[in-house]
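According to Swiss-Prot, the features are:
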BINDING   C114, C116, C135, C138  Zn(2+) binding site
DOMAIN    10-81  domain 'J'
DOMAIN    92-147  domain 'DPH-type MB'
Amino acid sequence: MALEQTLKKDWYSILGADPSANMSDLKQKYQKLILLYHPDKQSADVPAGTMEECMQKFIEIDQAWKILGNEETKKKYDLQRHEDELRNVGPVDAQVRLEEMSWNQGDESFFLSCRCGGKYTVSKDEAQEATLISCDACSLIVELLHQS
């Protein structure tokens, strides 16, 4: 399943979880829901329409766990989700290259001062994939350009 195809769904809300939930909480919510909607757990006298809804919900829950239950796919999903949120917030104020940003050895991140006095910050790991970075003090956004 391609991650791009699944970004339209909010996998956290499908599991009834907060995006800041840890892996243990996500697993607990998944297990609770999967038991509730598992086709084998439904009674035989459930109407066909309801059974189909339960099956669809079961599939969605399983898909959510396949993405959120794996550290690598969860990280990619979270990053893309964050970028989508930024894209919906407002227009890009500027385009910058990583070389234009300063290095913070303390927390191993790159940063750039914003005209409001705040900072655009991106971790070393996120810098490889991130394209949009929001200011920590205002609504401005910069686009991080990657070398081609």
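These residue numbers are counts, starting from 1, taken along the chain as shown.
Quick reminder: no glycine exception, Cβ is built from N, Cα and C everywhere.
What you see is a predicted model, and the numbers here were worked out from it, not measured in a lab.
A Cβ within 8 Å of the Cβ centre of C114, C116, C135, C138, the residues given for Zn(2+), is found for these other residues of the same chain: R115, G117, G118, K119, Y120, D136, A137, S139, L140. Every protein chain shown contributes to the tally, and the Cβ of C138 (Zn(2+) binding site) ends up with 13 other Cβ atoms within 10 Å. Here the binding-site residues are C114, C116, C135; the one with the fewest Cβ atoms within 10 Å of its Cβ is C116.
For the domain 'J' (10-81), residue counts in helix, strand and coil come to 55 helix, 0 strand, 17 coil, using DSSP.
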